[in-house]
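Engineer: Annotation source Swiss-Prot lists N-linked glycosylation site at N259, citing sequence analysis. Positions annotated as repeat '1-2' by Swiss-Prot: 83-88. Residues annotated as repeat '1-3' in Swiss-Prot: 101-106. Under the heading repeat '2-1', Swiss-Prot lists 166-183.
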Amino acid sequence: MEFAHLTVLSLFCLAFVGITATSSEEDYWQSIWPNTPLPKTFSDLLIPSGKTNSLPIKSEELKQYSTLFFEHDLHPRKNFILGNTNSVGSIIRPFTKSRQGVTDSIWLANKEKQSFEDFCYSPTAIAEHKHCVSSLKSMIDQVISHFGSTKIKAISSNFAPYQDQYVVEDVKKVGDNAVMCHRLNFEKVVFNCHQVRETTAYVVSLVASDGTKTKALTVCHHDTRGMNPELLYEALEVTPGTVPVCHFIGNKAAAWVPNHTADNLCVM
């Protein structure tokens with residue numbers, strides 16, 4: 001299926017009041033889901049902000065994306081320390097793809113070459129479909145078109161600030177083949193939305209070392225043939241295409257999956 005359409009975000013079917021989105025974005029949301037106020041999770045993603053570094057993912061989120069682990073590690077009482085890989089380029093794009101003779105991991109390390117066009121129009125990985133959008137309306141339209149329904153679940157993370165050590169409290173499977181939309185670290189609002197086939201999304205309830213309870217959107221890749229072999233060996237001592245590999249998703253992102261149990265949007 002062409003990736004020109006996406007899906008919508010949540011975990012427990014709760015209504016959250018949005019406070020920062022423009023009226024046009026909020027009105028459009030209400031026209032699609034009149035019984036669900038715009039979640040604060042989404043309104044926060046729409047806040048314009050100046051770049052704090054030259055990378056397309058904010059530096060404070062890199063440890064979340066760079067924590068790689070096995071699917072069988074997702075169980076209560078499992079301990080995680082965020083950040084088990086060191087390559088910035090590989091953290092942002094764990095799938096290797098040649099680009100004019102230079103791999104993405106090397107290219108992304110060259111901070112002066114970061115741009116919307118470079119990141120959004122770089123080659124796709126194996127089994128990946130991606131598309132960049134610059135508004136919530138475009139994201140909603142694409143997600144609904146992709147899934148063919150407004151019955152969708154939207155999920156996001158809420159990692160605690162300044163906390164790197166967590167223990168798993170609970171794990172819930174959300175769905176397969178989710179559409180992921182990442183807010184990129186550009187001055188204007190830009191989302192990089194993509195779907196990688198043969199993936200499973202989970203919501204993992206975590207407790208930080210200071211007792212703060214959080215939840216982490218987690219994606220497990222069952223087809224890892226296109227993953228960076230150096231990254232996988234550094235983190236897990238495995239090779240691409242052998243075992244499922246999982247990673248956390250940072251706070252500035254959302255996953256969309258079909259909702260088969262309710263008649264409206266479910267936000268988790």
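Cβ coordinates come from backbone N, Cα and C, glycine included.
Walk me through the surroundings of each of these features.
Structural biologist: Of all Cβ atoms in the protein chains displayed, 24 besides its own lie within 10 Å of the Cβ of N259 (N-linked glycosylation site). Reduced to three states, the DSSP call for N259 (N-linked glycosylation site) is coil.
Mean pLDDT for the repeat '1-3' (101-106) in the predicted structure: 36.
With a threshold of 8 Å between CB atoms, the same-chain residues lying at least 6 positions outside the repeat '2-1' (166-183) that come near it are 6-7, 11, 45, 57, 74-80, 82, 133, 139, 143, 146-147, 153, 155, 189-209, 213-214, 216, 219, 249-250, 252-258, 268.
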